[in-house]
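Enquirer: Here's the feature list from Swiss-Prot:
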- 1-27: signal peptide (SIGNAL)
- 28-785: topological domain 'Extracellular' (TOPO_DOM)
- 28-66: domain 'SMB' (DOMAIN)
- C31-C44: disulfide bond (DISULFID)
- C31-C35: disulfide bond (DISULFID)
- C35-C62: disulfide bond (DISULFID)
- C42-C55: disulfide bond (DISULFID)
- C42-C44: disulfide bond (DISULFID)
- C48-C54: disulfide bond (DISULFID)
- C55-C62: disulfide bond (DISULFID)
- 285-433: domain 'AMOP' (DOMAIN)
- 445-639: domain 'VWFD' (DOMAIN)
- 723-780: domain 'Sushi' (DOMAIN)
- C725-C765: disulfide bond (DISULFID)
- C751-C778: disulfide bond (DISULFID)
- 786-806: transmembrane segment (TRANSMEM)
- 807-822: topological domain 'Cytoplasmic' (TOPO_DOM)
Amino acid sequence: MKPALLPWALLLLATALGPGPGPTADAQESCSMRCGALDGPCSCHPTCSGLGTCCLDFRDFCLEILPYSGSMMGGKDFVVRHFKMSSPTDASVICRFKDSIQTLGHVDSSGQVHCVSPLLYESGRIPFTVSLDNGHSFPRAGTWLAVHPNKVSMMEKSELVNETRWQYYGTANTSGNLSLTWHVKSLPTQTITIELWGYEETGMPYSQEWTAKWSYLYPLATHIPNSGSFTFTPKPAPPSYQRWRVGALRIIDSKNYAGQKDVQALWTNDHALAWHLSDDFREDPVAWARTQCQAWEELEDQLPNFLEELPDCPCTLTQARADSGRFFTDYGCDMEQGSVCTYHPGAVHCVRSVQASLRYGSGQQCCYTADGTQLLTADSSGGSTPDRGHDWGAPPFRTPPRVPSMSHWLYDVLSFYYCCLWAPDCPRYMQRRPSNDCRNYRPPRLASAFGDPHFVTFDGTNFTFNGRGEYVLLEAALTDLRVQARAQPGTMSNGTETRGTGLTAVAVQEGNSDVVEVRLANRTGGLEVLLNQEVLSFTEQSWMDLKGMFLSVAAGDRVSIMLASGAGLEVSVQGPFLSVSVLLPEKFLTHTHGLLGTLNNDPTDDFTLHSGRVLPPGTSPQELFLFGANWTVHNASSLLTYDSWFLVHNFLYQPKHDPTFEPLFPSETTLNPSLAQEAAKLCGDDHFCNFDVAATGSLSTGTATRVAHQLHQRRMQSLQPVVSCGWLAPPPNGQKEGNRYLAGSTIYFHCDNGYSLAGAETSTCQADGTWSSPTPKCQPGRSYAVLLGIIFGGLAVVAAVALVYVLLRRRKGNTHVWGAQP
């Protein structure tokens with residue numbers, strides 16, 4: 001059932017069942033093989049819990065699990081909650097993921113059902129079903145969250161002690177023992193086996209035969225005590241295993257046979273397998289790596305150019321952090337985590353393009369220095385490098401180069417080891433992974449809604465609309481993007497409702513993507529996130545790969561939604577209401593409608609009604625109230641959730657815009673003198689803040705509105721366009737000073753010894769995006785500066801000698817005079 005039809009289905013369901021609990025389950029009134037269904041005499045949809053309309057066996061068949069997430073590498077044991085077997089010994093549990101991947105489960109002594117997650121080649125929400133009759137039927141269903149290996153907590157995996165040492169083993173001054181550690185409680189068994197698994201992608205690149213595969217290679221240790229640590233001296237692997245250059249270690253219970261798939265396990269991070277490479281590598285690692293670098297270079301030259309379809313990097317660090325719809329922090333170089341930028345020395349922060357490129361599944365990376373300057377590979381080996389395989393993978397995943405982490409390792413990271421870390425051939429790598437210099441970057445456009453509520457449109461118009469109901473913030477037919485919001489009255493300190501309202505829920509969908517809703521949680525006042533009307537938990541993971549979007553939650557009070565089109569939403573709690581910011585790339589120009597205005601660089605038509613009629617600038621607050629009411633949501637197209645009888649009766653059954661609600665208009669605001677004085681001190685000239693203090697009688701609400709408004713203004717400042725002149729090369733046989741290429745920046749040129757500068761010594765980036773002077777040339781011969789130095793140096797020596805001579809003559813004369821005195 002499409003989410004847009006959910007309100008109608010709920011309406012029918014609520015009418016049939018009333019506000020009480022559902023009937024007793026029988027063969028027709030069961031959730032067996034019906035999870036998510038609304039039809040029938042009782043509901044198996046997630047909203048049924050709040051409405052009291054669930055079938056009585058809802059929890060038995062629509063499964064909740066703990067934990068709900070784990071590494072896509074598999075091996076995580078999880079428990080089915082709210083369901084126990086009465087006779088555990090009779091059960092034969094099989095867990096089936098994505099309709100085809102089966103793992104053996106079990107029932108513990110307390111009757112709880114367990115499953116083990118399988119090795120997957122994708123991240124995101126994975127549907128699974130459970131059979132208790134040895135695979136004859138799978139009536140129970142749930143969802144498992146497969147996570148990128150680097151986002152898994154250290155409690156859930158084994159750690160390579162000094163991981164750099166593992167990946168440099170066999171190179172100069174790196175030998176001896178290697179160690180790994182793990183948490184014993186994470187794998188409850190007496191003895192363990194440690195295995196090496198290798199990853200490869202075979203077949204013609206970008207063909208149907210191109211496949212990804214993890215393979216069991218050989219054991220490092222068998223039947224050893226589960227002590228939490230292991231140390232060994234690596235030996236070169238037999239020739240038959242040498243083709244695997246990247247892989248991971250797996251720790252399993254020794255009762256399992258070698259290489260047994262999909263059993264409870266702890267994995268290490270994937271890493272370069274330097275420690276298992278052949279004697280040829282250990283005897284001359286530089287020569288060996290140089291050969292591999294050249295082979296990679298030859299392969300790259302045969303593959304299609306993926307750089308052309310990548311998004312352009314933001315020009316500054318502030319732009320990169322503000323453009324949250326298209327770029328997100330690279331966990332390998334994060335200034336919020338101490339800027340440990342192993343692969344990008346000189347950078348303090350990197351971002352990656354959120355969405356992989358459509359055709360090749362590639363990814364952009366952009367890195368910045370402490371002063372916010374973009375760091376380019378043309379200037380530094382620490383510069384940002386684009387990726388043939390996006391580190392986070394790309395839907396539909398599973399096949400190269402779209403496998404999360406692993407495709408990136410093969411085509412972008414392992415080659416970096418060959419060319420840059422194990423051999424001094426980094427220019428070869430950088431030539432094929434050049435940084436984007438941001439000349440064509442265009443910042444997104446920003447609109448916001450916050451406070452009581454106040455709106456700032458994409459073209460900069462601001463207004464206040466105090467409607468009670470559900471409204472269209474944004475519609476864009478270009479990508480079928482829809483953003484809707486629910487507004488409800490606030491509460492005064494005496495418990496009465498205010499005549500102002502605020503946003504309490506925001507929902508978004510683009511095309512046939514998932515529907516995500518962010519709303520105020522009734523009990524905590526924090527945020528609650530719903531996916532297709534089901535409340536999500538973020539106790540284990542703060543990042544989720546969803547259909548058509550990515551979702552990130554920060555500290556429980558800010559949610560970022562990144563859509564496939566590059567559009568982005570940020571929803572946060574500010575005081576008693578939600579604050580929402582919407583970012584749209586330039587391609588949405590002339591394609592938007594709704595309360596956030598018509599994006600076309602013309603603020604005079606932002607008050608456009610559904611009919612196309614435009615209210616002129618200077619429209620009265622009363623007329624603007626009618627404009628807002630014109631953009632009400634319809635039941636048939638609502639994205640919002642109605643999972644309580646309060647919501648059903650007040651928003652599903654009632655008109656989407658409450659015509660009985662009397663809003664507060666600016667001309668009607670009055671404050672007692674003492675509160676007015678405090679408001680003036682708090683708000684200054686922020687009229688949004690002043691209005692909200694008057695509307696709610698609360699200084700804290702005014703403060704929240706002022707903060708939200710300031711955040712909008714700061715982000716607007718961060719997203720201001722800047723002019724880039726592009727990278728400027730140093731002269732051959734010379735150097736340049738400066739690596740900033742934005743308007744107003746100056747580059748200085750110098751020649752090597754034995755060369756003279758022909759051309760300007762400096763070049764400045766001009767406002768039109770051109771350099772004031774081209775790169776000069778360094779010609780053979782002494783430079784003019786050196787010649788002038790010699791000339792002036794010689795003159796200085798002559799002058800100094802003359803001065804000494806004069807002083808000595810004077811001293812000699814004085815001595816003669818003094819000697820004649822008594």
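Even glycines carry a Cβ here, placed using N, Cα and C.
What's the neighbourhood like for each of these?
Expert: Neighbours of C44 (disulfide bond), defined as other CB atoms within 10 A of its CB across all chains, total 25. Under DSSP, C44 (disulfide bond) is assigned to coil, being neither helix nor strand in the three-state scheme.
In the three-state DSSP scheme, C31 (disulfide bond) falls into the coil class.
All protein chains included, C35 (disulfide bond) registers 20 other Cβ atoms within 10 Å of its own Cβ.
Other Cβ atoms within 10 Å of the Cβ of C42 (disulfide bond) number 27 in total over all chains.
C54 (disulfide bond) falls within a strand segment according to DSSP.
Residues near C62 (disulfide bond) in space but far in sequence (CB under 8 A, at least 6 apart, same chain), listed by position: C31, C35, G36, C44, P46, R140, A141, G142.
Looking at the domain 'AMOP' (285-433) alone, the prediction's average pLDDT is 96.
Sequence-distant contacts of C725 (disulfide bond), defined as residues of its own chain at least six apart whose C-beta falls under 8 angstroms from its C-beta, comprise R439, Y741, L742, A743, C765, Q766, G769, T770, W771.
For the recorded site, C751 (disulfide bond), the DSSP three-state label reads strand.
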Enquirer: Among all chains shown, work out which of the disulfide-bonded residues C48, C751 has the most CB atoms within 10 A of its CB.
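Expert: Checking each of C48, C751, the winner is C751.
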Enquirer: Taking DSSP states H, G and I as helix and E and B as strand, how many residues of the domain 'AMOP' (285-433) are helix, strand and coil?
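Expert: Secondary-structure composition of the domain 'AMOP' (285-433): 53 helix, 17 strand, 79 coil.
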Enquirer: Measuring Cα to Cα, how many angstrom lie between C55 (disulfide bond) and C778 (disulfide bond)?
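Expert: On Cα coordinates alone, these residues lie 83 Å apart.
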Enquirer: If I take the alpha carbons of C48 (disulfide bond) and C42 (disulfide bond), what is the distance between them in whole Å?
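Expert: The Cα atom of C48 (disulfide bond) is 9 Å away from the Cα atom of C42 (disulfide bond).
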Enquirer: So if I measure Cβ to Cβ from C778 (disulfide bond) and keep only same-chain residues at least 6 apart in sequence, which ones fall under 8 Å?
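Expert: Spatial neighbours, sequence-distant, of C778 (disulfide bond): P731, P732, N733, G734, C751, D752, Y755, S756, L757, A758.
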Enquirer: Between C54 (disulfide bond) and C42 (disulfide bond), what is the CA-CA distance rounded to a whole number of Å?
Expert: 6
Enquirer: If you count CB neighbours within 10 Å, which one among the disulfide-bonded residues C55, C765 has the smallest count?
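Expert: Result for the disulfide-bonded residues C55, C765: minimum number of other Cβ atoms within 10 Å at C765.
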